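J.: Just dropping this structure here.
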Amino acid sequence: MQTYLVGGAVRDKLLGLGVKDRDWVVVGATPEDMIQRGFKQVGADFPVFLHPDTGEEYALARTERKQGRGYHGFSVYSAPDVSLEDDLRRRDLTINAMAETENGDLVDPFNGHADLEQKKLRHVSEAFAEDPLRILRTARFAARLQPLGFSICRETMALMRQMVTSGELGDLVPERVWQEVQRALHEQAPGVFFDVLRELGALQVLIPELTDEQPFRQGLSALQCIHRKQGSTAQHYAALLSGVPEPDAVARAKAMKSPNDCRELTHLVGLFMAQLNGASPETRLTPELAMELLDKADFWRRPDRFGVLLGTLACTLQSEPDHLIQQLELAAHRAQSVTPHPFLQKGIQGKALGEAIRKERVARITEALHLPE
């Protein structure tokens, strides 16, 4: 029974990056051997165990064979006779197919270290083509490592184009696609992820709304702005789709099974963009429009979300965003200062109360924006 550190931990250690998670492969053992040593089995599809002290994952060496289309179209073989090299061969990229012995010696049967030095992302074998999710993973690694000078080698780009042409990208379940997109949004250079997918023709399959040049470039520009501000996942995603018409953007967010906060913010950004982009700075925000937007954003019950929305709009609006954001903030602040109490004291109730509050809010917004009533 031999234990090896594998994958990302070895890669990041060689790159001089901080190692966050450590994964291990065990060769020459059975599930019973692991359980006898106090490990807890957690893997449903293949034998993965948690270390009794560290909680780190230890997987028995395994091979995978393609048997059908889609994520579940693989048969897994795990037994004591599976070698370390067999296990590493099933991995996606050579830089992820290295291992380290318990003595710290590097095991590198597929020249991953050389590719690290040459800053190349290269597939381990033709078996790469068996899993279409690897297209997204490779694009995501490009987004992570491009600032360090890495690029995808030509042979791997060619193989991925063939995979896109085969149509298997359409077999990926939305949850798996979203998982990769969500991770990519927070990589070092998230725009690279979408650039790679577009070059491969994969974006046409996964997010066809971004195929055209204008929404794609606008989305990437807004995405880079949000990324510099270290925005949330919802802000990143809404920024990415900010050049897409609101109904189409929301439909894509739903189809991709993104979380509710992503869908809601995508919807609001689309609404505000449609109302505020294009018109002159003097005419595009009237008190009535400000009230309408505050209502649509549910500002009265969710003021914190409105702040998130404004932070996103600061990156998505095409002209004079700072001035417009300041106006919206001021309008919201002044409108929020109106309370029912003075009207209730005057005996105003029911529908008349709501109308009186709204009228006063519009008046205060008008005053705040220095507009004639």
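Keep in mind that glycine also has a Cβ here, set from the backbone N, Cα and C atoms.
It should be emphasised that the depicted structure is a prediction, and the values quoted were computed from it without experimental measurement.
The following feature annotations were taken from Swiss-Prot:
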type    : residues                           : note
BINDING : Gly8, Arg11, Arg91, Arg137, Arg140 : ATP binding site
BINDING : Gly8, Arg11, Arg91, Arg137, Arg140 : CTP binding site
BINDING : Asp21, Asp23                       : Mg(2+) binding site
J.: Work through the binding-site residues one by one (Asp21, Asp23) and point out the residue whose CB has the fewest other CB atoms within 10 angstroms.
T.: Asp21
J.: Starting from the Cβ centroid of Gly8, Arg11, Arg91, Arg137, Arg140, the recorded ATP site, name every other residue in that chain with its Cβ within 8 Å, sequence order please.
T.: Gly7, Asp92, Leu93, Ile95, Asn96, Phe141
J.: For Asp23 (Mg(2+) binding site), which of these binding-site residues sit within 10 Å, Cα to Cα: Gly8, Arg11, Arg91, Arg137, Arg140?
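T.: Cα within 10 Å of Asp23 (Mg(2+) binding site): Gly8.
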J.: So how far apart do the ATP binders Gly8, Arg11, Arg91, Arg137, Arg140 get, largest Cα to Cα in Å?
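T.: Pairwise Cα check on Gly8, Arg11, Arg91, Arg137, Arg140 gives a maximum of 15 Å.
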J.: Mind checking which of Arg11, Arg91, Arg137, Arg140 has the fewest other CB atoms within 10 A of its CB? They're the binding-site residues.
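T.: Counting other Cβ atoms within 10 Å of each of the binding-site residues Arg11, Arg91, Arg137, Arg140, the minimum falls on Arg137.
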